[in-house]
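Undergrad: Here it is, the structure in full.
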């Protein structure tokens with residue numbers, strides 16, 4: 001048995017080859033070539049082989065279309081097999097597809113609608129609306145495959161992106177145009193945290209957000225959409241702040257492997273054409289890798305470590321390198337990271353970690369204390385927490401906060417066994433301040449106001465630094481712990497303390 005010879009190329013090389021084969025309009029625009037027709041020759045799950053006439057072979061990464069009774073099925077060219085045959089990845093189910101069906105070459109990669117018309121809408125991997133609210137009347141479409149911005153276009157300055165969330169801005173600040181890993185199990189407030197970030201970015205920076213559900217549960221996507229409508233992040237009658245792109249768990253691997261690029265393309269438009277600071281959420285980046293692994297095996301590539309695709313680092317790099325800051329605007333990415341069997345050395349999370357600028361860890365232990373957002377102040381890290389980037393005062397305050405919380409953590413066993421009375425006076429003071437800091441790191445969210453009844457607070461970075469500095473200096477040692485819980489800045493603490501005192505009298 002003679003196996004066909006595979007010409008597996010990296011996506012970057014394929015894109016360059018496609019550019020040689022297909023005339024381009026502009027830097028990232030494609031001019032559609034004359035449509036050529038082919039026939040389905042084999043269907044192997046999510047992989048479809050298509051044969052064309054001599055001299056009409058479509059370029060790698062081109063989109064092909066098949067008209068089916070259910071609608072249009074889009075295929076993406078992955079390999080040239082020889083004998084005028086291409087191997088393609090299906091973006092939808094291939095059930096009912098038979099040999100001999102007609103296939104047309106679009107002459108360009110998959111393109112999706114971009115612009116403000118996408119805000120408040122839910123779209124799939126090929127840019128079709130799936131929210132039953134009619135077509136998206138976008139004036140422009142962009143291909144999902146693109147090169148990262150050139151070095152001369154990129155901004156090299158390390159700049160903090162203010163989120164208005166105290167614990168993040170103080171202890172694990174986000175880089176403008178950076179990549180943040182969001183670690184959190186079920187029920188620790190990940191969705192609310194994401195919604196608040198979307199809300200705050202819109203308020204503080206006037207920017208938009210793109211939420212990309214990669215291989216997530218359909219129920220979770222539905223819940224997120226409903227919650228966003230309830231909290232006003234999505235406004236069906238007026239301006240919305242977010243576009244939703246979903247490729248759920250039940251989708252074929254081709255859709256799950258490409259849906260992250262669809263979301264990124266929409267975000268890139270807001271950055272490059274409108275000069276916006278865009279927030280891109282990817283939930284879950286592991287599913288992107290997992291889908292690539294499924295597709296790779298079907299394409300006949302020899303698996304590497306733990307069964308992952310041999311192109312794992314390349315695939316991840318092509319996605320992550322497009323998430324960056326340019327001189328026009330930025331795309332800041334928050335990526336939920338699933339760690340298989342809690343093994344951080346697994347190739348999928350290990351490859352992701354190489355690209356991250358900051359990690360935000362949501363802790364079940366902290367959420368059980370009723371402290372929200374349940375961000376672990378000792379486990380969450382950022383490369384921006386450096387005196388040269390954030391300034392000496394910010395760095396000193398953040399370091400002292402972490403040292404105080406760490407000292408409290410190490411004293412907890414002694415307190416549990418012997419009680420507070422056995423501690424030295426200095427340790428007692430440390431514990432009291434640490435407990436106040438712990439509560440002060442909580443914050444009422446605007447998107448949770450409908451549930452808690454507490455108005456949300458967006459706290460500026462300079463106010464956060466000065467507030468925590470005052471607590472560390474002992475200026476508010478006389479105030480009760482409860483006054484520090486679920487408030488914004490230090491003026492809110494004083495007001496709450498006065499209110500508590502008045503109620504007590």
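Note that Cβ sites are derived from N, Cα and C of the backbone, with glycine treated the same way.
Not my notes, these are from Swiss-Prot:
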type    : residues                               : note
BINDING : 184, 185, 186, 187, 188, 189, 190, 191 : ATP binding site
Undergrad: Whose Cβ lies within 8 Å of the mean position of the Cβ atoms of 184, 185, 186, 187, 188, 189, 190, 191, the ATP site, other than those residues?
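TA: Output for this site, in sequence order: 362, 367, 374.
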Undergrad: Does residue 191 (ATP binding site) have same-chain partners at least 6 apart in sequence with Cβ under 8 Å from its own Cβ, and which are they?
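TA: Listed in sequence order, they are 220, 223, 224, 227.
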Undergrad: On a simple 10 Å Cβ count over all chains shown, which one of the binding-site residues 184, 185, 187, 189 is most densely packed?
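TA: When each Cβ's neighbours within 10 Å are tallied, 184 leads.
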Undergrad: Taking each of the binding-site residues 186, 188 in turn and counting other Cβ atoms within 10 Å of its Cβ, which one has the fewest?
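TA: Sparsest of the binding-site residues 186, 188 by Cβ contacts within 10 Å: 186.
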Undergrad: What kind of secondary structure is residue 191 (ATP binding site) part of, going by DSSP in three states?
TA: helix
